[in-house]
Amino acid sequence: GCARDWDGLTCWPRATFGEVVKVPCPRFFEEITNIHGFLQRNCTQEAYWSEPFPPYTVACGFDEGSSKGPEDQKSYYSAFWRVYTAGYAASVTSLITALIVFAAFRKFHCTRNYIHMHLFVSFILRAVAVFTKDAILFADETMDHCLMSTVSCKAAVAFFQFSILANFFWLLIEGIYLQTLLLLTFVSDKQYVWWFISTGWGAPTAVVFAWVLTRIHQQNTG
């Protein structure tokens, strides 16, 4: 049958082949439009969900583009893209500068700053992942890469997920290191450096690798 699915607006329960699932419109639509509509999706023989019918704009009475025209929306998203791109660029520049300073002066060479440097690298990777995702997804406005399930889209999303996980794992390592200083005051912290590094980069790699394999075998779409 078809697995449980989230289409971005509604959670659809598991269904058997040929079953038609009917769910109410999301509550936030009802609060805006005061229309209590229903949506349906069919579980096809190929174990794929059909598109919701009738469409959200018809069943729930809400049209995202009704208040703004296409040009207004395009201008808004373009301005939003420029702002966060400039922010990420400034962040990357600052982080690279900090890495150079930490690497250039020997007095900064200690376990605490090594962990800081890996955290900085994880932030840089996150910014690079955002730039890569934007370059791939918005390179051709006539093509929806994720709808077409292109390899480049899947690779960009996997890299993006890895960068986020690495970011959070290195934040966790920062906390673990501080806790280690409190508990093991008289023990050298240098012996834990490689454990920190292997955890900070190894754990996200293992999680993303398992996630990619699961998606390939269970839901190799989009």
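The chain as shown is numbered from 1 upward.
Note: Cβ is positioned from N, Cα and C throughout, glycine not excepted.
Note: TrEMBL annotation is automatic and uncurated.
Not measured: the values here are computed from a predicted model.
Marked as domain 'G-protein coupled receptors family 2 profile 1' by TrEMBL: 1-64. For 80-222, the entry in TrEMBL reads domain 'G-protein coupled receptors family 2 profile 2'. Summarising the annotation, TrEMBL assigns transmembrane segment to 83-105, 151-173, 193-213.
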Seminar exercise, completed: If one takes Cβ-Cβ under 8 Å and requires six or more residues beyond its ends, the residues near the transmembrane segment (83-105) are 113, 116-117, 120-121, 123-124, 127-128, 130-131, 134
Exercise. What else in the chain is close to the transmembrane segment (193-213), if you only count residues 6 or more beyond its ends and a Cβ gap under 8 Å?
Worked result: 111, 114-115, 118, 122, 158, 161-162, 165-166, 169-170, 173, 176-177
Problem set entry | Rounded mean pLDDT for the residues that make up the domain 'G-protein coupled receptors family 2 profile 2' (80-222) | 87
Seminar exercise, completed: DSSP tally for the domain 'G-protein coupled receptors family 2 profile 2' (80-222), helix/strand/coil in that order, comes to 118 helix, 0 strand, 25 coil
Exercise. When the domain 'G-protein coupled receptors family 2 profile 1' (1-64) is classified with DSSP, how many of its residues are helical, how many are strand and how many are coil?
Worked result: 11 helix, 19 strand, 34 coil
